[in-house]
Amino acid sequence: MDTDLYDEFGNYIGPELDSDDEDDELGRESKELDELEDDDDDDDMGDHDEDHPGMEVVLHEDKKYYPTAEEVYGPEVETIVQEEDTQPLTEPIIKPVKTKKFSLMEQTLPVTVYEMDFLADLMDNSELIRNVTLCGHLHHGKTCFVDCLIEQTHPEIRKRYDQDLCYTDILFTEQERGVGIKSTPVTIVLPDTKGKSFLFNIIDTPGHVNFSDEVTAGLRISDGVVLFIDAAEGVMLNTERLIKHAVQERLAVTVCINKIDRLILELKLPPTDAYYKLRHIVDEVNGLISMYSTDENLVLSPLLGNVCFSSSQYSICFTLGSFAKIYADTYGDINYQEFAKRLWGDIYFNPKTRKFTKKAPTSSSQRSFVEFILEPLYKILAQVVGDVDTTLPRTLDELGIHLTKEELKLNIRPLLRLVCKKFFGEFTGFVDMCVQHIPSPKVGAKTKIEHTYTGGVDSDLGEAMSECDPDGPLMCHTTKMYSTDDGVQFHAFGRVLSGTIHAGQPVKVLGENYTLEDEEDSQICTVGRLWISVARYHIEVNRVPAGNWVLIEGVDQPIVKTATVTEPRGNEEAQIFRPLKFNTTSVIKIAVEPVNPSELPKMLDGLRKVNKSYPSLTTKVEESGEHVILGTGELYLDCVMHDLRKMYSEIDIKVADPVVTFCETVVETSSLKCFAETPNKKNKITMIAEPLEKGLAEDIENEVVQITWNRKKLGEFFQTKYDWDLLAARSIWAFGPDATGPNILVDDTLPSEVDKALLGSVKDSIVQGFQWGTREGPLCDELIRNVKFKILDAVIAQEPLHRGGGQIIPTARRVVYSAFLMATPRLMEPYYFVEVQAPADCVSAVYTVLARRRGHVTQDAPIPGSPLYTIKAFIPAIDSFGFETDLRTHTQGQAFSLSVFHHWQIVPGDPLDKSIVIRPLEPQPAPHLAREFMIKTRRRKGLSEDVSISKFFDDPMLLELAKQDVVLNYPM
């Protein structure tokens, strides 16, 4: 072999071979193959020749030793090559069937003391129905009270002696946390003192102030409230807020003073002091009602029957009437109704004359309430707690209570509960109170419709709803969305106000943005199944008539928060029910994103679901692309994030540090008239901005004044209450950024200077620009608040073509911004009202913790008849994160606090002062805070660090500023 023709690796490097040499090689190869194969394989041989690699280099990985799977099995067979160990050991080869379950539900209908058919029959008689919301402060015994009603009507459901039943805490998270998160409806049949049965639709609501949106949803579909107050703690933060909310919703108010056993067993008050304590609570509630209500007849008193007393833990519940009936049943020949009228107030019983007097017969005489109610109650509790073995059996015999030997051997708490249950019997006093003082759906319908329906009450539809007509056109108002056990679907919960809803019926669902002019927010759906909800089980029904509550399947897809369900045809004039108006504001903000970016669609679906589940939750996307959740507090957002991660998206989600929403405002009048020209130079608008009068923004938000009023009524309000001149008061164009927004646009032009007809033709466009501007302020894209914008001059083009919305709207927005920036702009931050309960020796520690967080105490007073103090304070929401934990650490867990949004307050410092240097990782002094908040908010939103005036000031306006020698702190 000639070595010159090959390199050291054996590759051929010689001259190209001629065709004769190639033919010789092919000939040799064909002879060898002919010896091995039959003549029939000649064609295959040709293919082999073509595929032969020849002399080129073949990489190891390209060498083919075996035929491919496709060649072996054919092109029709799919083959998958699986590398070894790609599946982690933590993941099973065959995954088990995954069942999600987040709530505790009964598998079958439990036994009740009434037939289900009887319950269904009562639904047809609206006069025998009561729709009631149970509300009250945190841990004042609402859920425990419902447990007593459930035990009374469900003989097989009994709570264990060592723990509460909590039948309406159906979510596992509620039971783990020991606090109600969702409002839970319960429909049961209860008898009154005379044995007459009524259908009670009760909704048990959370007591924590963070979840007051759940209470709002319950109040909307109720005709009255039962306000629960702890006898030992008295009126607390949320009690006062709920009284105000119920009065605003125009609902009947009754009170249940719960946990009266605490006065006896815990505080150990003498009977007379216990009476003073109870009377103080009633007086305090009446004082609050008179403060918020204009109805002078709305007075609470045990004598009127709208106050009852209870101890849910020991199955005690009575009104003066029901306690008097116990005496009547025991001694006979007593008119218990007349007797009940003498059991409250400064009334004494004279045993010699056997008469009641207003003057004490002797110095040692007790008031009738103490003598006939509290002293017997004290004796029963004292006998059970103190003398179980000696005198208790004899005492029980005198009361007609018979216990077995096994029952007498019970521990003190269960024994006391059993004795009280046998003595007081069923909760008929509570039923009497609700029946007498809370209107039936038929009686309360007119008030409910006037308050909640946006359409006319005088229309045929309005009249049908006012009469609660089951044969009228269908109108159903849904206020809550409840997810299924597995968190996949939602059922809409609401109240039928007119007509009858049937399973399988086609309906039209009207959303919150639906109007007769814009019907986009509506959808035709088919009702699935219908249920009556009883906390842990649902009773399926075929139809639900007017006046009842209903859980609806199949209509959840178009509903976001609340909705109006009506008939698809023949109800064209139907309008929506007013969206819920919450008594708190969502000011805490967190940004979320999935750990794995590819799971973003799952997170978005989860966000849509939590938005449905929580009434006041708001979700939005910032311009920077981050997804933001707004809630009322830390606990609220913690529950939202649990549901988002575990129930609805099942993915890992990253959460940013919590921040708060800000507002933008002004503290002076604009330093000069600000104007802006439209892009076509044919129109020019001039405005100034100035602060609103104190209290006016709150009046607008609380709908004390409404933009829908006629000009005369509107003018009178502003003239009398805020000293506006009549011309300005009657020239109000709009509130912004919506009908209840805390900003005002006023037309302050004169007919002699401005063509009012032309100005009127572009009014809608200017209002739209004003509302757009106030929705996103120039400082950091936050809401503008407390600002009055005055239109001083307007040059409007004659031709309609030159004054279209595309020209006017952005110009109006720009002039709003420029007028705002010329009026000494400031940032506003939300402030929380904090109520702390602590022993006297911990009060100083509370002051210390608050002072470190820019907080200040407004009131510090002892709770009457209790060893605790109540400290009331204000704290900036941005400094409130971790406050509760900090407080408990400093007081060894003895202090308990609740906080709720109260007001907006100006942040100290000028946000536009460029001389301030923000040092990273250092707390800023007070005058630097506004600047720090603005810069960090703008960074987070993806905006430039400083406000650029070139966006908001036209060239002619900048020239005018230069002439006026106005120094601006803004970059060009």
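Backbone N, Cα and C define each Cβ position, glycine as well.
Database features (Swiss-Prot):
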type	residues	note
REGION	1-53	region 'Disordered'
COMPBIAS	17-26	compositional bias 'Acidic residues'
COMPBIAS	34-48	compositional bias 'Acidic residues'
DOMAIN	127-409	domain 'tr-type G'
BINDING	136-143, 204-208, 258-261	GTP binding site
Do you know which of the binding-site residues His139, Lys142, His208 has the most other C-beta atoms within 10 angstroms of its C-beta?
Lys142
If I restrict to non-local contacts, at least six residues apart, and a C-beta distance under 8 angstroms, what lies near Thr205 (GTP binding site) in its own chain?
Thr133, Leu134, Cys135, Lys142, Gly180, Ser183, Phe211, Glu214, Val215, Gly218
In sequence order, which same-chain residues at least six apart have a C-beta under 8 angstroms from Gly136 (GTP binding site)?
Lys142, Gly207, Leu227, Phe228, Ile229, Asp230, Asn238, Thr239, Leu242, Asn258
In DSSP terms, helix, strand or coil for Gly136 (GTP binding site)?
strand
PLDDT averaged over every residue in the domain 'tr-type G' (127-409):
92
Kindly assign Ile260 (GTP binding site) to one of the three DSSP-derived states: helix, strand or coil.
coil
Cβ distance under 8 Å to Ile260 (GTP binding site), same chain, sequence separation 6 or more: which residues?
Ala231, Ala274, Leu278, Phe309, Ser310, Ser311, Ile316, Leu377
